[in-house]
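As recorded in TrEMBL, the features of this protein are as follows:
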{"type": "DOMAIN", "residues": "B:5-78", "note": "domain 'Glycine transporter'"}
{"type": "DOMAIN", "residues": "B:91-163", "note": "domain 'Glycine transporter'"}
{"type": "TRANSMEM", "residues": "B:31-51", "note": "transmembrane segment"}
{"type": "TRANSMEM", "residues": "B:63-82", "note": "transmembrane segment"}
{"type": "TRANSMEM", "residues": "B:148-166", "note": "transmembrane segment"}
{"type": "TRANSMEM", "residues": "B:172-193", "note": "transmembrane segment"}
Amino acid sequence: MLLYVLDLFGVAVFAASGALAGIASRLDLLGIIVLASITAIGGGTLRDVLLNRHPIFWMHDSGPIWTILAATAATLLWVQVLPVPTDALLIADAIGLAVFAISGAQVAEKAGCRPMVTVLMGTLTGSGGGVLRDVLSAKVPLILRQDIYATAAIAGIAVYLLARAAKVSTAWAFAAGAVTVAGTRLAAIAYDLKLPVFSAVS
Amino acid sequence: MLLYVLDLFGVAVFAASGALAGIASRLDLLGIIVLASITAIGGGTLRDVLLNRHPIFWMHDSGPIWTILAATAATLLWVQVLPVPTDALLIADAIGLAVFAISGAQVAEKAGCRPMVTVLMGTLTGSGGGVLRDVLSAKVPLILRQDIYATAAIAGIAVYLLARAAKVSTAWAFAAGAVTVAGTRLAAIAYDLKLPVFSAVS
Amino acid sequence: MLLYVLDLFGVAVFAASGALAGIASRLDLLGIIVLASITAIGGGTLRDVLLNRHPIFWMHDSGPIWTILAATAATLLWVQVLPVPTDALLIADAIGLAVFAISGAQVAEKAGCRPMVTVLMGTLTGSGGGVLRDVLSAKVPLILRQDIYATAAIAGIAVYLLARAAKVSTAWAFAAGAVTVAGTRLAAIAYDLKLPVFSAVS
């Protein structure tokens, strides 16, 4: 139950980030809703298609779609009167990433995937929606260019899998993994940590 | 049978729109065929993958692929000698959108989807190909930015579902839905209707 | 066995091409790995999803993922000290295209696809990863604009299917198809062959 609420929190945060991207790209109302939806459920949809899990998670549960609509409406109202709370959104986004990455890894684990595929599926669940958002906005996806993002997801999923291998209960393993993701991500923002960039000799 | 012919008409119209986008982007012959194909069958393919309908609709029926090749050839010949009939294409595109949206909704309905998912699947079938066309042309998808397009699909699918709920026969419900889509879309073009665009306070 | 080795060779070559694109786009380390992976296994993944083949090929075999990591590491080390061997990469890429296109066609053939769908699936396997690489780099996909690329794949798959129809053994048909793909592609590079581009009258 707590997990489900956390999951919808992740959906709401990612929907808001998609809606803000849509406003910045001067999309119309429906375009904003579409971009919010794809950002919020795109990663989990790719995961379900790749793992052959049908029906896709938002098809048999209305929760995600209503959450997206509510979050988008709230975002549109907010920006009419108040400035975008950039810092709060970054923190909320880190929590959303943490929840999505570890719950995506759990889904892959239950489907019997090997650890490396489980890491990939969790990372995809956490960051796939943001990649689709940027592709639809005709931008090079931010998470491919930017500071520690998918990296934080990978680190947290590794912690989750190690905890599970050490017979830690699912709930505690989840907590350890999610805290690692969010902590790594927030530390990267606070201290401006980046992965190395490479140049070719000419 | 009439529905099948209408469906191929939709395929032909969307293929022509993809081919024209390919010509505008200076693609070569094969690139034009690829873009025409993705525009024409991309939306239905996404729908079938998400609904786990296999084989995908164009795999067991040759009609769509031959229609795409014929429509692309006709488009390439046409533009050698005559200007692009922009107005005729807009009208044809509205009809194609109408047919695809309602037939996509029917597919989802038969697969047992809830009404909200049915609306999403119909809209995806109608507008997914155009979104893929724009992504492959490295543009922000037109339908996210522009006048009433997916909105027309949503309105028509709602009419279709309401008619079905009121025990109207499938054929008449289809007609009512499709006329609503095409009518809304053409009215939006004629009177330059747009959905609201939002700005953030700075 | 030889085929498996050739397949991993294709994975390595495409991963290197994705890694180079990532370096050119100034992506960070993880972004480079992601782009290398999508270029290397994107086409085969799309093929498996469309044909409903589960688990996806890289989920039950670790070979492709380790190959991608090794090829990406080698590429990153190489560019620190030596210029990019453009000509060698073009030749390697032609071989990778040949292997992927014909092995993709074999997969579709075994799944019972009609010849035209088999051609599409082989072409998708060979060129889909490169298209995804370009979309994620926010470029119009190279193979849609450029010299004979997917065209070479189509020609080779046609040769493969004709050889199979003439009761040639699988191994020889594979060889004939793959040589046709690589030969056509290399001839196109060497003699600067292009497909026609079209202009609309204004």
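Here the Cβ of each residue, glycine as well, is placed from N, Cα and C on the backbone.
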Do you know the DSSP helix, strand and coil residue counts for the domain 'Glycine transporter' (B:5-78)? 59 helix, 1 strand, 14 coil
Counting only residues 6+ away from its ends, which parts of the chain sit with a Cβ under 8 Å from the transmembrane segment (B:63-82)? 4, 8, 11-13, 15-16, 19-20, 23, 29, 32-33, 36-37, 40-41, 57
The domain 'Glycine transporter' (B:91-163), counted residue by residue under DSSP: helix, strand, coil: 60 helix, 0 strand, 13 coil
